[in-house]
Structures are given as C-alpha cells and as structure tokens.
Amino acid sequence: METKIFQVEELKEAAGLLRQGELIAFPTETVYGLGADALLPEAVKKVFAVKGRPSDNPLIVHIANFSMTEKFVENYHPLTEKIVEAFWPGPLTLIFPIKKGSLSPVVTGGLSTAAFRMPDNKKTLTLIEETGDPLVGPSANTSGKPSPTTASHVYHDLKGRIAGILDDGATQIGVESTVLDLSGEVPTILRPGAVTKELLEDTLGIEVPLDKHLVKESETPKAPGMKYKHYSPDTPVLMVKSNDWAKALAWAVAENKSYGLLATPKIAEQYASTTRFVFADDSIEAATRGLFSGLRALDEGESVDLIFAEVFPEDHLGLAYMNRLKKAAAQKYFEV
Ligand code: TXA
Ligand code: MG
C-alpha cells in the first residue's frame, strides 16, 4: 500500500478513505494519532494490527464537538460542563461510563467506560466532521516507540501500512493528553499531560488526585495503557540530575562509552558532546515539545552506547515530561 501525504485541500478524500475503513494518521496539538472510523470495528482492528498494540488497551474516541459524545455516554459527571468549557478542544481526555453496546468492545477493550477527546487542531476537527463519525486515535507510532510529533515520524514507523497521513507540521505540546477519569465520584488523573493537576485544581476548586500508580510504582494503573513499557528508544537512556552532569560524563569517558545528550541549552552549553539534541530553550514547555523528537533523533542518528537525559521537577508540566522520560529510561538514573 502506498501511504499518501494529504494536504488540507484533500481532507474530503481522506475522510472518504476513513469511511471505507482505511487508516489515516492525523495531527493534534499533542502527538499524531492513527485514525480509524470508531464505528467500523474491522477498521479499528487494523489499528491494533498496524501498531502491534495489545488488544486489551482501549482507544480514545476523538470527536469534533461535545454533542458527538451524547450517543455513547451513559451519564455525565456533574463537573463535566465546567471541565469541557475550560479545556475542550485541548489536551484533555475524559473517561465516561458508556451505554451498553454503543461502542464496539474493540474500541473499549470490553470496559463499561470509554475515553473521549476533542483535539485542538482545525484540520483534524474538519476531518472528523467530514467523516461524520468519531475517530479512534492512538498515537501513530509502532507500539513501544516514542509517540510521533511530526508526519515524518509517522511515515518512518507506518509507511506502506496505512492509507495516508494528514500533515500539519510539528505538534505544539509533544506528549499525549492528560487522561481524567470522570466515571467515578472523584475526578482522577490516570495519565499526566499538559492540562496539569494544578490547572485542573485551580479551575475546579477541588483536589484532583493522581491515580495510585502515578504515586506508587507498585500499584496497577487504571488506564490499561499505562502498564506497558512505552516510549523507549533502542539505545539505553539514563536520567541525569542537575548536579550529576559532570560526574556522569566523566564516568562515560572512563568507561569508554559513547553518549548522546538530551538537554536544555543551559546544560548543553556546559558540556561538549558531538551527539546531542538540544531543546529550543530552557523551559519545561520546550523540553516537553522536544522529548520524543529528541529520543528518536538520538536513537536513529550516529549510534551511541547511551543517552543522558535531563530531569525536571515533577510538578506542573514537569510531571508529564518526567512520566514519559522515566518510561523511556526504564526508571534508571545515573547514580554516583
Ligand atoms: O494526546 C493523545 O491522547 C493522543 C492523541 C493522538 O489524541 N492519543 C493517545 O492515545 O495518546 P493512546 O491510545 O496512545 O492512549 C490512550 C490512553 C491509554 O493509556 C489507555 O489505556 C487509556 O487512554 N484509556 C482509554 N480508554 C480508557 C478507559 N475506558 N479507562 C481508562 N483508561 C483508558
Ligand atoms: Mg500511545
């Protein structure tokens, strides 16, 4: 199969292919998604096959307006309106209880709840409207690889296996949406993202807890996808705390190990390294935007024995950045 790169004037053609059960990758503000018509189970099955994704890991249903959820949702949490007004379209996925039989178990993994998100990307919102059905959309990478933040990442992983990619340049945020469980009494964060715990708490005026596994690693996550090893490049990644950079690099030299740096300009300026991916500036936003791109670039470029990556404080957006980096690094820090 030839994978076509679609331009915006070809949205209708892409929507037509989706309705025929083909797969089209679409841009969002977080990462690129692998789209299939959510109401065509055979098409959704292909998404799992193409990605190599475990079938018990449910998908997010992407919608173009709030009323598209009404067909599926059994009942809304009392805070839904407030949350949707504040954050949709945007990097926030909401879990609701669903009406029995309203979505195929291929989409939901057989759960009685489902995940919904309205992405903040005009082309993709138009694509969903043109298709007329919601689109499932896991990140458009091979399972286990860093999520794609450009159309060329998608092409690299899935070329020849999907009908097309709707290209809209690099994504703004760089990590996947926050997943907020609204199926119980207390809204709970199952996956940290750019709609942060602090932002949710300020908006709602209540405490919004993190799912147990985000606090204590031994707990089983409620979002099935959070239990899988994820986002890992083939090259081992070691996280480096700010005071440990000199020691880490000296150790690598002594051990005769080649390394790549994944760091802010502030750190990269201090330590010479030929293989490096430097974030656009020293902010957590720039680091989050560059994280997956950087991991891919260092993994695919000139081969190195390991990647040293910069850590950030685990609050605000730093919680999402560190959640993904820790998975890429299999929780390993450079230890002195
Ligand atoms: O930013 C994003 O969310 C991207 C873009 C493309 O929209 N999509 C994305 O999808 O990250 P995916 O499939 O890689 O992640 C979906 C997450 C998984 O961790 C999954 O387990 C969880 O949402 N999830 C889906 N349905 C759920 C449910 N009913 N209950 C709990 N977790 C659920
Ligand atoms: Mg994913």
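Numbers here mean position along the shown chain, with the first residue as 1.
Cβ atoms are placed via backbone N, Cα and C, with glycine included.
Taking all protein chains in view, 26 other C-beta atoms sit within 10 angstroms of the C-beta of His62 (L-threonine binding site). Positions annotated as L-threonine binding site by TrEMBL: Thr30, His62, Arg117, Ser177.
Feature annotation from TrEMBL assigns ATP binding site to Arg53, Asn57, Thr113, Ser139, Ser147, Arg191, Tyr231.
As a whole-number mean, the pLDDT of the domain 'YrdC-like' (8-195) in this prediction is 97. Positions annotated as domain 'YrdC-like' by TrEMBL: 8-195.
For the binding-site residues shown (Arg53, Arg117, Arg191), fewest C-beta neighbours within 10 angstroms: Arg53. Note: the CA-CA distance between Arg191 (ATP binding site) and His62 (L-threonine binding site) rounds to 17 Å. Note on proximity: among Arg53, Thr113, Ser139, the binding-site residues of the record, the Cα nearest His62 (L-threonine binding site) is that of Ser139. Under the three-state DSSP scheme, Ser147 (ATP binding site) falls in the coil class.
Candidate binding-site residues: Thr30, Thr113, Ser147. Fewest other C-beta atoms within 10 angstroms, Thr113.
In the structure as shown, the Cβ atom of Ser177 (L-threonine binding site) sits within 10 Å of 27 other Cβ atoms.
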